[in-house]
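Colleague: Take this structure first; my questions come after.
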Amino acid sequence: MPNITVTSLLAMKQKGEKITMLTCYDATFAHTASQAGVEVLLIGDSLGMVLQGHDSTLPVTTAETAYHVACVKRGNQGAMILADLPFMANATLEQTLINSATLMQAGAHMIKVEGAAWLAESIRLLAERGIPVCAHMGLTPQAVNVLGGYKVQGRLETQARQMRADAIALEQAGAAMILLECVPSELAEEITQAVKVPVIGIGAGSATDGQVLVLHDMLGLSITGRVPKFVKNFMTGQPDIQSAIRAYVTAVKDLSFPATEHGFSA
């Protein structure tokens with residue numbers, strides 16, 4: 001696979017080719033997933049839950065994320081490396097810049113930040129300094145205590161209107177990509193059409209420009225036994241992990257995943 005860049009992701013959106021993304025935390029899985037055709041490897045703060053065993057993503061630090069970014073970089077075969085900026089790592093503009101630089105120096109190609117329109121200043125700061133940014137909107141796990149749990153966002157018309165406006169504002173601030181988590185499928189489609197940058201969905205229907213899942217979820221691995229509605233176990237019927245990841249890539253590309261039952265209504 002040729003090296004995936006911001007430019008190539010934008011070209012995929014323009015051509016209507018779906019983008020595939022998976023979380024990834026080490027060299028072996030980075031090699032396996034990128035060889036299977038996954039375009040974007042996300043070192044998510046989900047590592048706090050699936051690797052460290054916490055009940056939220058909040059305890060994850062920038063240093064821990066940078067460690068896993070470096071591991072992924074060593075095994076990667078051409079995929080874009082996207083790294084989460086952990087909880088409170090962007091509390092001030094100075095912290096945002098320093099922590100983002102740390103992740104980029106570890107091997108990331110793009111930084112993901114969670115929030116809404118208030119992120120505009122941070123995104124502008126990073127973009128002006130050569131750091132591409134993905135804006136994570138909708139259900140933002142770092143704000144789980146404010147949101148009252150892991151709930152679908154944007155069901156009320158006022159919320160939907162605000163989310164559409166925020167997405168446009170963040171694109172204008174310089175966001176190179178948007179990730180929508182747990183939002184109604186119709187709203188996700190509207191946002192995807194409203195912005196020029198690629199929009200990746202998780203629990204956001206099939207009309208987004210691409211999909212992302214947590215690696216452990218799509219392989220059927222869970223400590224809690226709770227499986228989110230938007231997850232499909234791609235390990236079922238497959239002889240090995242790389243085949244399961246290839247099945248995920250194929251399903252996203254041929255529009256068989258996500259199906260209607262993996263999304264949410266308003």
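First residue shown is number 1, and so on along the chain.
A Cβ is built for glycine as well, from the same backbone N, Cα and C atoms used for every other residue.
Feature list, courtesy of Swiss-Prot:
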type: BINDING; residues: Asp45, Ser46, Asp84, Lys112; note: 3-methyl-2-oxobutanoate binding site
type: BINDING; residues: Asp45, Asp84, Glu114; note: Mg(2+) binding site
type: ACT_SITE; residues: Glu181; note: active site, proton acceptor
Colleague: Using Cα coordinates, what distance in whole Å links Glu114 (Mg(2+) binding site) and Glu181 (active site, proton acceptor)?
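Modeller: That separation, Cα to Cα, works out to 10 Å.
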Colleague: Write out, in the order they occur in the sequence, the residues of the chain not among Asp45, Asp84, Glu114 that have a C-beta within 8 Å of the mean position of the C-beta atoms of the recorded Mg(2+) site.
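Modeller: Going along the sequence, the neighbours appear as Gly44, Ser46, Thr57, Val60, Leu85, Pro86, Phe87, Lys112, Val113, His136, Pro141, Gln142.
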Colleague: Out of Asp84, Glu114, Glu181, give me whichever of these recorded positions has the highest number of other Cβ atoms within 10 Å.
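Modeller: Top count of Cβ atoms within 10 Å goes to Asp84.
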Colleague: Tell me which residues of the chain lie with their Cβ under 8 angstroms from that of Lys112 (3-methyl-2-oxobutanoate binding site), as long as they are six or more apart in sequence?
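Modeller: Spatial neighbours, sequence-distant, of Lys112 (3-methyl-2-oxobutanoate binding site): Leu42, Gly44, Leu82, Ala83, Asp84, Leu85, Val133, Cys134, Ala135, His136, Leu179.
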Colleague: Including all protein chains displayed, how many Cβ atoms other than that of Ser46 (3-methyl-2-oxobutanoate binding site) lie within 10 Å of its Cβ?
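Modeller: Here the count is 20.
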Colleague: Return only the integer: C-alpha distance in Å from the residue listed as 'active site, proton acceptor' to Asp45 (3-methyl-2-oxobutanoate binding site).
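Modeller: For the residue listed as 'active site, proton acceptor' versus Asp45 (3-methyl-2-oxobutanoate binding site), the Cα atoms are 14 Å apart.
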Colleague: For Glu114 (Mg(2+) binding site), what is the secondary structure by DSSP, using just helix, strand and coil?
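Modeller: Note: Glu114 (Mg(2+) binding site) is in a strand by DSSP.
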Colleague: Long-range neighbours only, meaning 6 or more apart in sequence with Cβ under 8 Å: which ones does Asp45 (3-methyl-2-oxobutanoate binding site) have?
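Modeller: Listed in sequence order: Thr57, Val60, Thr65, Asp84, Pro86, Phe87, Pro141, Gln142.
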Colleague: Rounded to whole angstrom, what's the largest C-alpha distance between any two of Asp45, Ser46, Asp84, Lys112, listed as binding 3-methyl-2-oxobutanoate?
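Modeller: Max span of the 3-methyl-2-oxobutanoate binding residues, Cα based, is 13 Å.
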